Amino acid sequence: QDAFVAFHVDKALVSKYLQPLQIGELAPDQPSIEPTKNKMLVKDFRELRATVEKMGLLEPNQLFFFLLLTHILLLDTAAWLILFYFGTSLMPFVGSLVVLTISQVQASWLQHDLGHLSVFRATKWNHLLHKFVMCHLIGASAKWWTLLHSQHHAKPNCFRKDPDIDMHPFLFTLGKKLSVELGIKKKKYMPYNHQHKYFFITLPPLLFPTYFHYHTFYIAYTKRYWVDLAWMMTFYIRFFFIYGSLLEIKSLVAYYFIFRMMESSWFVWVSQMNHIPMDIYYDKNLDWMSTQLQATCNVEQSLFNDWFTGHLNFQIEHHLFPTMPRHNYWKVAPLVKSLCAKHGIEYQCKPLLTAFADIVHSLKNSGDLWLDAYLHK
């Protein structure tokens, strides 16, 4: 299947684990593709996948990722040096916060690359550096991230299958059809007609400092990711030791939660701009390409946009080829556009600020649809 091919780098290795699960071959008169899937699109996408492999677009440029890691470590060090050399008054305090936030967000984009096995050819090196970046530099579990993010990629925007939209219906109502369905059932967990307003003070600033803090430790502990937990503790020991030597306890706690809130805001706006405005509904069991294109859109390319979003402005290409190194997205984009045009599939690409605004617009529309259905007698 296309999902299997997309996720795995060493297919010969993982195929060994599938052999005991085989229950037989399809009878000759049975179709090899389900009726909900576009047979010609599947064929053309697999040809595109073969072309991508021949062009070497799945091969990483390790110098690119080395420079990314270097600039992250330099920023991480600079954040502490600002306080060390200039003191802890307001201006150095704020300057240090900004620099550390940039370092942390860029580390989040790099761990994303490592989690998708797109930095090294050898899987074990991706996993090892993933633990260093995610657990030691950021303070979260690498296995926790892989567990959730793999589900997101397999079924993006599919309710009850994509954990990234678990906030429906308890915090927000998402998607036009789900919102109407919720309203018809007369269910109300929040004042959804105001969700486009309370979004600003809930999800962006609070996702990291609250939910992610609890959830990464909860999953790591309950699933016994002991190695991840040990790595994670090195982050907190390092942070509270080096910053605790410069800041009083109240300032230290404030520093920690402020940079987490800034990091969270940056992450949420970037990660949600590609998905929240798109179709959100139950799994329709479509083919791989249709599933990804219905749930993703792109943001225009520029040097700033590439850096600011960790190349997640190429969300379509990333979802179609999750193991592709991000520096090659722009090369495959014209081929993906051409295939979309051939099959009449919309390929959405927006300016950055428009993509941000669409998050708010889509939340408002969903909230209005819920209210109309809720009040309808």
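The backbone N, Cα and C atoms fix where each Cβ goes, and this holds for glycine too.
Remember, TrEMBL labels are computer predictions, not curated facts.
Small disclaimer: the values here were computed from a predicted structure and weren't measured.
Features of the protein shown, as given by TrEMBL:
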type	residues	note
TRANSMEM	63-86	transmembrane segment
DOMAIN	91-349	domain 'Fatty acid desaturase'
TRANSMEM	198-215	transmembrane segment
TRANSMEM	235-258	transmembrane segment
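Same-chain neighbours of the transmembrane segment (63-86): 92-93, 95-97, 99-100, 102-103, 106-107, 109-110, 113, 119, 133, 137, 242-243, 246-247, 325, 327, counting only residues six or more beyond its ends whose CB sits under 8 Å from a CB of the stretch. With a cut-off of 8 Å between Cβ atoms, the residues of this chain six or more beyond the transmembrane segment (235-258) that come close are 80, 83-84, 88, 93, 96-97, 135-139, 209. As a whole-number mean, the pLDDT of the domain 'Fatty acid desaturase' (91-349) in this prediction is 97.
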